[in-house]
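Listed in Swiss-Prot:
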- Lys39, Arg419, Glu420, Met421, Leu422, Arg423, Gln429, Glu430, Arg431: beta-D-fructose 1,6-bisphosphate binding site (BINDING)
- Arg40, His46, Arg52, Arg130, Glu370, Arg386: AMP binding site (BINDING)
- Tyr114, Gly179, Glu194, Lys195, Ser212: alpha-D-glucose 1-phosphate binding site (BINDING)
Amino acid sequence: MVSLEKNDHLMLARQLPLKSVALILAGGRGTRLKDLTNKRAKPAVHFGGKFRIIDFALSNCINSGIRRMGVITQYQSHTLVQHIQRGWSFFNEEMNEFVDLLPAQQRMKGENWYRGTADAVTQNLDIIRRYKAEYVVILAGDHIYKQDYSRMLIDHVEKGARCTVACMPVPIEEASAFGVMAVDENDKIIEFVEKPANPPSMPNDPSKSLASMGIYVFDADYLYELLEEDDRDKNSSHDFGKDLIPKITEAGLAYAHPFPLSCVQSDPDAEPYWRDVGTLEAYWKANLDLASVVPELDMYDRNWPIRTYNESLPPAKFVQDRSGSHGMTLNSLVSGGCVISGSVVVQSVLFSRVRVNSFCNIDSAVLLPEVWVGRSCRLRRCVIDRACVIPEGMVIGENAEEDARRFYRSEEGIVLVTREMLRKLGHKQER
């Protein structure tokens, strides 16, 4: 383990990101989000009024000083590719800055699509090697968080690790969804189990387990060697969590990086924020939290901006209708191009170009871009997919049986509405 002075830290914080390439795994479908991911990959799902989920990993890279990135895509990638081409094309190739799109092209075998997260990198090794990076940062493109990867890179170098895994405590009842680890006093990982049925607890807190966040830093040459070995292993599922990390742990070369050390937050006393918005309820809840008075995730931090594609739109407009009813909002996010006419919107998130017509009541709802809400509608505890046309007088979120019959209703009572569902009910979706 190497001990560094403050000046050395500052120098490494500048140098290490320049020696690194980030690979963002963005090919997942996100089946737990149900019909919301029927036509788009989970990283391309809208979030927070104007962003896509992948914008958080990409913005973290830029803000951390990493300006060489590869985005590995597979499932329903068109929307994601289009978003990156439109919103992330500002890099200077002459300065060796880029975002490479790496779709599944069956390069290595001629038969297989990506068989697992590790195989997604293996199939692109010929391209990745050309980057000539010293360190490779592996990221999931479907999580919401703010992290300074330069701090994790410093931790990796200080500990003399070949592989570093970002981790954080999670409630033990939720830990079966993650890789779970045990560490020694120097943060060396001494045990790693992927998605255990009975997750082990932390020694100092029996109510929690130490979970992998799916964020890794590797020495580049070591990673390439591991991937080639794994590709030859016919018994491997070719996955980082299931195969590579346990193998590295057994060799004594994996270290843990506590997420609070690199989490970026405006309030140092706040709990570190990281969300896998993989279920409809988690997605709905994380969006609505941004509309609260003091949200858990600070989106207004000028020192750590979240970038995205910014369409040229007019400002949001709140107008009274012909009867004199005023368009009003409270504790809500309303994006550009929206028009609220003689209706009330409370504790909701409205993405761009949403139109809410007269006499409506919108409460605790997430409306994706270009949704049209007809007159006299009541929408509660719901997510309305892009470009849905909600017919006049429709009520959603007040009758559990009716919601479940017409749409998708989660166990927690969150209703998902899509254009296809509305068409099946006989409602035209063209305006």
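Using N, Cα and C of the backbone, Cβ positions are placed for all residues, glycine too.
Structure coloured by features recorded in Swiss-Prot.
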residue: Arg40; record: AMP binding site; DSSP (3 states): coil
residue: His46; record: AMP binding site; DSSP (3 states): strand
residue: Arg52; record: AMP binding site; DSSP (3 states): strand
residue: Tyr114; record: alpha-D-glucose 1-phosphate binding site; DSSP (3 states): coil
residue: Arg130; record: AMP binding site; DSSP (3 states): helix
residue: Gly179; record: alpha-D-glucose 1-phosphate binding site; DSSP (3 states): strand
residue: Glu194; record: alpha-D-glucose 1-phosphate binding site; DSSP (3 states): strand
residue: Leu422; record: beta-D-fructose 1,6-bisphosphate binding site; DSSP (3 states): helix
residue: Arg431; record: beta-D-fructose 1,6-bisphosphate binding site; DSSP (3 states): coil
Here are the binding-site residues: Glu194, Glu370, Glu420. Which has the lowest count of other Cβ atoms within 10 Å?
Glu420
Roughly how wide, in whole Å, is the group Arg40, His46, Arg52, Arg130, Glu370, Arg386 that binds AMP, by largest Cα to Cα distance?
41
Over all pairs in Tyr114, Gly179, Glu194, Lys195, Ser212, the listed alpha-D-glucose 1-phosphate binding residues, work out the largest Cα-Cα distance in Å.
22
When the number of other CB atoms within 10 A of each residue's CB is tallied over all shown chains, which of the binding-site residues Lys39, Lys195, Arg386, Arg431 has the maximum?
Arg386
Reported as an integer number of Å, what is the Cα distance between Arg431 (beta-D-fructose 1,6-bisphosphate binding site) and Arg386 (AMP binding site)?
14
Quick one: what's DSSP say for Arg386 (AMP binding site), helix, strand or coil?
coil
Given that the record lists Lys39, Arg419, Glu420, Met421, Leu422, Arg423, Gln429, Glu430, Arg431 as binding beta-D-fructose 1,6-bisphosphate, what is the largest C-alpha to C-alpha distance among them, in Å?
21
